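Enquirer: Below is the structure I would like to discuss, written out as structure tokens.
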Amino acid sequence: MEGEMKNFVFVWTTVLASLLFCRKISKVIAPGTTRLLAFIPVFCIFFYLPLLLTAVHLCGTTSFFITWLANFKLLLYAFDKGPLFSNPRLPLSKFILTACVPIKISDKSQNKKTSTQVNGKSDESQANGRRSEGKSDESQVNGKSDESQAGGASKKRKKSPINYSVKFMVFVLLLKIYEYGDQLHPLMKMALFCVHIYVVLDVGLAMVAYLARAIVGFELEPQFDEPYLATSLQDFWGKRWNLMVTGILHPTVYLPVRSISGRFLSRDLASLPAVTATFIVSGLMHELIFYYLGRLKPTWEVTWFFVIHGVLVSVELVVKRAVGGRFRLPAVVSGPLALGVVMATSFWLFFPPFLRCETELRSCKELVAFMELVVRGRFVGPNDVSCPYY
């Protein structure tokens, strides 16, 4: 445990040093290919660092925050785009937090910031440009689809403390149910695990966002928008599930691929390979994170999970365009149908490699070891304790 913590400190010290390097180099190298080449050593370092960690919680969060999100944000920053770019430049603390934490500053905070500037227009015009780009995407299918399919953000409601309190109570209830795991059908366990992952991610990322808000003083957008209320696969992936990922994949994958495919296909058809490419990249990044967690040979099941959903969302878009709004399934039908498809394909392709890593058992042992440190003040390794639920 002590060795893991030393590695964790080394990893994040390296991350901070790398981000300082990128920020410094951006002052002397103009945006473009040359700056991108200068960032390549940092990309390689960020891909390597999770290999120094073995704990599920430390390795999982580091690989997601750094190998995926930070690398993609730096890719955009190399061309003076994305959340790390601002005019005037972001203060150092905000730059580092935005780079290595899955947060997105809300439009309300951006507008508040621009209203206090002397020129009063630079950041606002940049934000308006992004919104205009989003509107042009949205106008392609029923007024909103392309933006939602590949990372456009919907208007999200600010969640109340009661919302998170209920989810925390659900998590506690799940822990109690796990005590009777031997009596549960495997499919029921899998369904409960779906709820478990959603609750942990939603509440956990909300806590990270709260800490970041306390430091940077900005209002932050939630990472999830009640995905159980989704009315379609397009709505689930584009507007409700893990919005930080959809938001970062939109400018890094979806827009470039759509621009290229637009040279050969019509405007409507050009979005389809862009959607599929976005899901493929997401699948490959999930596959990489699963490798970090278990160090097992990839089986590509997770990648196929996202490929299938990319195809299904593309088919959904084609059907919507074909009917042109003349027919729409009631939400009471389309919602459960979409969630059923997500859960069924998760049981088939997403969870098996996740469970082969014994992620749930290892994470449980790590929490028990952490509680030993907090309550009794002694370091114990996760392998030296037992999990009461598995």
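Glycine is treated like the rest: Cβ placed from N, Cα and C.
TrEMBL feature annotations, pasted as is:
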- 6-22: transmembrane segment (TRANSMEM)
- 34-56: transmembrane segment (TRANSMEM)
- 111-157: region 'Disordered' (REGION)
- 112-129: compositional bias 'Polar residues' (COMPBIAS)
- 190-212: transmembrane segment (TRANSMEM)
- 221-307: domain 'Wax synthase' (DOMAIN)
- 269-293: transmembrane segment (TRANSMEM)
- 299-319: transmembrane segment (TRANSMEM)
- 331-351: transmembrane segment (TRANSMEM)
Enquirer: Restricting to the domain 'Wax synthase' (221-307), what is the model's mean pLDDT?
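Expert: It averages 92.
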Enquirer: Treating G and I as helix alongside H, and B as strand alongside E, what does DSSP give for the domain 'Wax synthase' (221-307) in helix, strand and coil?
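Expert: Residue counts for the domain 'Wax synthase' (221-307) by secondary structure: 65 helix, 0 strand, 22 coil.
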